[in-house]
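Take a look at the structure set out below.
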Amino acid sequence: MSSSDHIHVPDGLAESYSRSGGEEGRAWIAGLPALVARCVDRWELKRDGGVRSGEASLVVPVLRADGTRAALKLQMPREETTAALIGLRAWGGDGMVRLLDHDEESSTMLLERLDGSRTLASVEDDDEAMGVLAGLLNRLHSVPAPPGLRGLGEIAGAMVEEVPSAVDSLADPEDRSRLRGWASAVAELVGEPGDRVLHWDLHYENVLAAEREPWLAIDPEPLVGDPGFDLWPALDTGWERIEATGDARRVVRRRFDLLTESLELDRGRAAGWTLARLLQNTLWDIEDGLTAIAPSQIAVAEALAKP
């Protein structure tokens, strides 16, 4: 790769790694241009457009030697990147961006190129967009679970055990009662955590337009568990748009009904595992120093409550 192709690391990505990764994160960012150059040379690639980034990864559009459009995804090696690689291999491109190659040492992935400028959020009809999500989830959940992924039982059990020491961090007694209630609901489900491969973060922004299919999922954080645990990102996605309707409860309930019917899920279990996501999110917020349950979390819980 020539000097004119030198990668400029986006400021947002550099700041994210500096904030969350400390010295190790800053060192990884400093070595990122050289890592891109090595991967381009190794796979005989050619740069093909400007880079994109999120909080954790850099995506570099490239062309393969045969002219095929692809994308390099670079992310600091972590447990999550290992899980993503396992999941991508298991799905084999079925409803998911296809893994073309990877570098195990650096966790760099060579992926098929999708249209990063067009996400599922661009679909104005919410029922239509939710139908796309449901179809993708159904395909992703149909793949047998590969070895090497964390199980939902372990994760959910740890959350329930954490509640007694975390709940007093919430200032409002009603919030403390909510958290205990969610934990009780999850405790009833821990013994049957499920055996499907879950995406964990499938929402409108993690579905991109593609060439071989209209839409494909990206950025999985796979684990093995009950499909009901995969619903919350879909229920919460585009929250500002939900609030703009003036009836968040109706929209969330409509989405829940559509998803559970399409995926043929037991509604009670799906609601319980969605409460597990609300519990998880709130415990993370408490770790970050927050003292109240986020209003959107409460709204989802109320929408799923029995009439």
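Glycine is treated like the rest: Cβ placed from N, Cα and C.
Annotated features in Swiss-Prot:
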type: ACT_SITE; residues: D201; note: active site, proton acceptor
type: BINDING; residues: L133, A134, G135, L136, L137, N138, R139, L140, H141, S142, V143, P144, A145; note: streptomycin binding site
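Here the C-alpha separation of A145 (streptomycin binding site) and the residue listed as 'active site, proton acceptor' works out to 17 Å. Working note on the binding-site residues R139, H141: by count of other C-beta atoms within 10 Å of each C-beta, H141 ranks first.
Ranked by how many other Cβ atoms sit within 10 Å of their Cβ, the recorded positions L133, D201 place D201 at the bottom. As a whole number, the greatest separation of Cα atoms within the streptomycin-binding residue list L133, A134, G135, L136, L137, N138, R139, L140, H141, S142, V143, P144, A145 is 20 Å. The sparsest Cβ neighbourhood within 10 Å, among the listed binding-site residues (L137, V143, A145), is found at V143.
Rounded to a whole number, the distance between the Cα atoms of D201 (active site, proton acceptor) and L137 (streptomycin binding site) is 11 Å.
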